[in-house]
Structures are given as structure tokens and as C-alpha cells.
């Protein structure tokens, strides 16, 4: 079939060649633009959050826009931060007031018995957030764990309580020696310590809490 003196197949072939050439030019432009963007240093990586220069860039993001996807480090969930242990002032109220945070005492069974304080935390390495990366996280309980388990101590008290093993384990050395010499107070002291353990009246001497078994 001839259209305007030219075969239709010839026109189709020319059209396909022109389309192929256009696609090649488009791919070349896209790849060139992508390589320029990859090598050039961006001024802004997100709206309102400027990325700094140097190897410590992740540690000095600036927070300027509340609508930015970059949040303050202090708003990070617990799984993205690492916190120090609560500061122990050992009952020194003056030191606690000067520092502004810390624990006067540790331990407690009920929530109302446990002191709460702020602790120093910092964002984990590799987590991008707006500075400062070190901050205070509030409402941390003043409790510590030193390897004492309730079930283990209860078994010690039940089977070896007459020899004071339970109190030796908890660090009450003086009363443990007395319990050993009297063979558990002829059974009375042994029974009383069982009740104290169950009711929470007998705890580790260092003020720590029972370790949780998961």
C-alpha cells in the first residue's frame, strides 16, 4: 500500500526509529541528571531540616520547622535511645537539688513507694534526629537490679532457712549468722522469714529489687 508516494511500511519503520532515538535521548538525560544529584552536596534533605557538613553530620541536625519529618532526639522512642542508670545521691538532698535530678533512695514494692527521676539519655549512633542528641528523659523509676531472684531466695529460705542461707544470699550477714547459730530460732525465725519474703518485708540489703524472669 502506497500513501502519498511512500510505502506505509517505510513510514512505520521511520516512526519506530524516531521513537527509539527519542527513548535513548530520554534515558541519557535521566541518567546524567541522577549522577549529578548523587555527586552534588544537597543543601536541604527535607523541609526545614538542614544537613550539616563533615563526618559528624548525623550528630548536629538543626530543628527549625515543626512540620519537618526530622524530630527532636528527645522525642525518640525508648528503643532508639540509650539511657544511663539513675544517679544515686545516697540520701544527700542537697546534691539532688543542685543537680536537679537523681535518687535519694532506691527500691520499693508499690508504684507509690518508688521514687522517679530524670536520667541522661542519648540517641543511638546512626539514628538521625534534631539536636541536641543528649537530653534528659523523665519519670524513670529509682530501682536497680543486682541479680537477686525471688523464687531462688524463697527456695533457699524454705529448704536452707534454718542455716540462714536466705539472709546470707540477700546480704544480711549479721542476722544470717544469728539465724545460723540458733538453727533458725528453733524454727520460729525460719517461719517468720518465709512470711516476710512472701509479703515483701525481707528484701536485698543493697536496696535492689527482684530481677524479673521473662
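Cβ coordinates are placed from backbone N, Cα and C, and glycine is handled just like the others.
Taken straight from Swiss-Prot:
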type     : residues : note
SIGNAL   : 1-22     : signal peptide
TOPO_DOM : 23-144   : topological domain 'Extracellular'
CARBOHYD : 37       : N-linked glycosylation site
REGION   : 40-61    : region 'Disordered'
COMPBIAS : 47-59    : compositional bias 'Low complexity'
CARBOHYD : 92       : N-linked glycosylation site
TRANSMEM : 145-165  : transmembrane segment
DOMAIN   : 147-195  : domain 'TM2'
TOPO_DOM : 166-182  : topological domain 'Cytoplasmic'
TRANSMEM : 183-203  : transmembrane segment
TOPO_DOM : 204-214  : topological domain 'Extracellular'
Helix, strand and coil counts within the topological domain 'Extracellular' (204-214) (DSSP): 0 helix, 1 strand, 10 coil
Chain residues outside the topological domain 'Cytoplasmic' (166-182) and at least six past its termini with a C-beta under 8 angstroms from it: 148, 152-153, 156-157, 160, 189-190, 193, 197, 202-206
Long-range environment of the transmembrane segment (145-165) - Cβ separation under 8 angstroms, sequence gap at least 6: 175-180, 183-184, 187, 190, 193-194, 197-198, 204, 206, 208-211, 213
Cβ neighbours of residue 92 (N-linked glycosylation site) where a neighbour is any other Cβ within 10 Å: 13
Secondary structure tally of the domain 'TM2' (147-195) (DSSP, helix then strand then coil): 41 helix, 0 strand, 8 coil
Same-chain residue ranges lying at least 6 outside the topological domain 'Extracellular' (204-214) that approach it to Cβ under 8 Å: 105-108, 143-151, 170-172
Whole-number mean of pLDDT values that fall within the topological domain 'Extracellular' (23-144): 79
